[in-house]
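Now, the feature entries from Swiss-Prot:
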{"type": "SIGNAL", "residues": "1-26", "note": "signal peptide"}
{"type": "DOMAIN", "residues": "27-127", "note": "domain 'Phytocyanin'"}
{"type": "CARBOHYD", "residues": "N42", "note": "N-linked glycosylation site"}
{"type": "DISULFID", "residues": "C80-C115", "note": "disulfide bond"}
{"type": "CARBOHYD", "residues": "N88", "note": "N-linked glycosylation site"}
Amino acid sequence: MGRSMVLISAVVLAFLVAAPIPEVTAKKYLVGDKKFWNPNINYTLWAQGKHFYVGDWLYFVFYRDQHNILEVNKADYEKCISNRPIRNYTRGAGRDIVPLYETRRYYLLDGRGGCVQGMKLDVLVETPPPPPPFTPPPPAQ
């Protein structure tokens, strides 16, 4: 009986080791890269070619006494209206994050005058792609 338990344990362990584990990694995006969250930056161009997925997050670096990060609706985004935000992501440090928890479009802007100078970002968050199919290793010879 002891030998069969060892054999069963070995088979279960081998299965667990060989089973594919989906890679779940959130990505942190530094908004604007080394230019950060500042006026006169084309954030539409910055976002081009990037795929934002549920679980990712946007990291904003800015002068805390000059700028902020507000989420607004599409109409307010297009007109740079900031007096009725959906959410204020500013925490006061000038190093703030926007977690992307939902598959939807996020309209973000600076509500302290920077929006009219280009400080606005439209991000479409997608469902993460499925993990690649598991290919079992070739049998040992």
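Yeah, the Cβs are placed from backbone N, Cα and C, and that goes for glycine too.
It should be emphasised that the depicted structure is a prediction, and the values quoted were computed from it without experimental measurement.
Overlay of Swiss-Prot feature records on the structure.
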| residue | record | CB count, 10 Å |
| --- | --- | --- |
| N42 | N-linked glycosylation site | 11 |
| C80 | disulfide bond | 18 |
| N88 | N-linked glycosylation site | 13 |
| C115 | disulfide bond | 22 |
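In this structure, the CA atom of C115 (disulfide bond) is 15 Å away from the CA atom of N88 (N-linked glycosylation site). Across the domain 'Phytocyanin' (27-127), the DSSP tally of helix, strand and coil residues reads 17 helix, 32 strand, 52 coil. On the 0 to 100 pLDDT scale, the model's mean across the domain 'Phytocyanin' (27-127) is 97. Rounded to the nearest whole angstrom, the C-alpha distance between C80 (disulfide bond) and N88 (N-linked glycosylation site) is 15. Between the alpha carbons (Cα) of N42 (N-linked glycosylation site) and N88 (N-linked glycosylation site) lies a span of roughly 22 Å.
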